[in-house]
Amino acid sequence: MNPVNPMDAKHSGPAAGPPRGPSRPEFWRSPLRGPWLTAVFGIVLLFGITVVFVTGLLSYAAYEPDLAAVNDQTPGKGWLGFYLFSWPTSPYWLYRVTQGVHVTLGVVLVPVLLAKLWSVIPKLFAWPPVRSAAQAAERISLLLLVGGAGFEFATGILNTQLHYIFPGSFYTLHFYGAWVFIGAFAVHVALRLGRAVRALRAGPRQPDPDSEEAAGLVSPRPAAPTISRRGALGMVGLGSLALLAVTAGQSVGGWFRRTALLAPHGQEPGSGPNGFQINKTAASVGIRPSDIGPAWRLTVRGGGRQIDLTHAQLLALPQHEALLPIACVEGWSTADQHWSGVRLADLAALVGLGTHPPQVLVQSVQRGGSFSSVVLSAGQVRDARSLLAVRVNGALLSPDHGHPARVIVPGAPGVHNTKWVTRLTFGEPV
Ligand SMILES: Nc1nc2c(c(=O)[nH]1)N[C@H]1C(S)=C(S)[C@@H](COP(=O)(O)O)O[C@H]1N2
Ligand SMILES: [Mo]
């Protein structure tokens, strides 16, 4: 213990003061820290994180996890799936917007999150560390809040940048992490919203460091300012805008993709009709040329019947067009592409399920991997824009885009647009 310095007594309580270093309020000297600045960042995060959370929940609903086990990346969710609903096919750009917002806003909020943490950092070292049971509980909730925010932002950004660095388990981590984080976030908002609103009303003038309003954020020994508080806000705002400028292009797609400096640019899709973003190439998931060559067949099953089609027979069926994007969970999407192929509903009709086509299990020639099969809902099958596509932008599909046939459905996440399809099973799976 340090000897009590009478100079410190004012800020450090009656008994032995805090140890030297960051536990002493005098240690923190930025004249910018104060309740107003913290409240501004806090309110931005309150709205921003709410939107990111809701669009994240929507992303899970878009996977239709209740439809089939193959659709569900977090099968142990229990009642956390209470809000799930059947994902619509209109508007056809639905997932493109919800997931574009989720990823872009998440990235854009990073500077605000860091600034918010910086603005309250003295509180991390507050002395004594535990004053009462209630305060201990609050500090633990802050641990979950800060840890949860770091975890959610880190896993999310790693996923968008590195394409599933955690094989299969990204969903589990990000999903359960989100619920822990949002629980702590709700507690924090309940405890602090009143104070934040009062601080915003009171304006940017710094309160006395010892006052209740200062909330332990105002330095009792401020250094000379090198930037104004508005300047600091401007800097954070510019940081966010810069991130927006180099991120949003990947969700807009088309020409704007070039501005998306932060988007994964590893695979260059090239030019021509098939020259748009590819998630996983045929080679990268072990598709052999023989899997998708002349020996390839499409098997359509359902209603007790089975039909096998060659590629030529598939091309001979009535072809329909649909103008649809691919929108990946990673936040990128393509501009609308001209797909053409056979309607899923028409394929259901081939096995006698034409009037009210049921759901369908789609299976790829791909062996293994969590995206090699999916169940599409009856609503998706019945939409006239839902195709088993064989062409895109006038050309046959390239192997990387799913030749000989791939699913394309409106409004759905990219992961439901299964490539290299070889089997469709209509009806309830047995
Ligand atoms: N068989 C199979 N289909 C698949 C995938 C896959 O890994 N395997 N990836 C999916 C994902 S996550 C996306 S975003 C889209 C991307 O389609 P694209 O590569 O043609 O752009 O394909 C989907 N279809
Ligand atoms: Mo994806």
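For all residues, glycine too, the Cβ spot is worked out from N, Cα and C.
The region 'Disordered' annotation in TrEMBL covers 1-24, 202-223. Annotated transmembrane segment per TrEMBL: 36-63, 93-119, 140-158, 170-191, 231-256, in sequence order. What TrEMBL records for 295-426 is domain 'Oxidoreductase molybdopterin-binding'.
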| Model confidence over the domain 'Oxidoreductase molybdopterin-binding' (295-426) (mean pLDDT, whole number) | 97
| query | How do the residues of the domain 'Oxidoreductase molybdopterin-binding' (295-426) split into helix, strand and coil according to DSSP? | reply | 24 helix, 50 strand, 58 coil
| By Cβ distance under 8 Å, which residues at least 6 away from the ends of the transmembrane segment (93-119) in the same chain are close to it? | 32-33, 37-38, 41-42, 44-45, 48-49, 51-52, 55-56, 58-59, 62, 87, 146, 149, 153, 156-157, 160, 217, 232, 236, 239-240, 243-244, 247-248, 251-252, 262, 325, 327-331, 333, 411-414
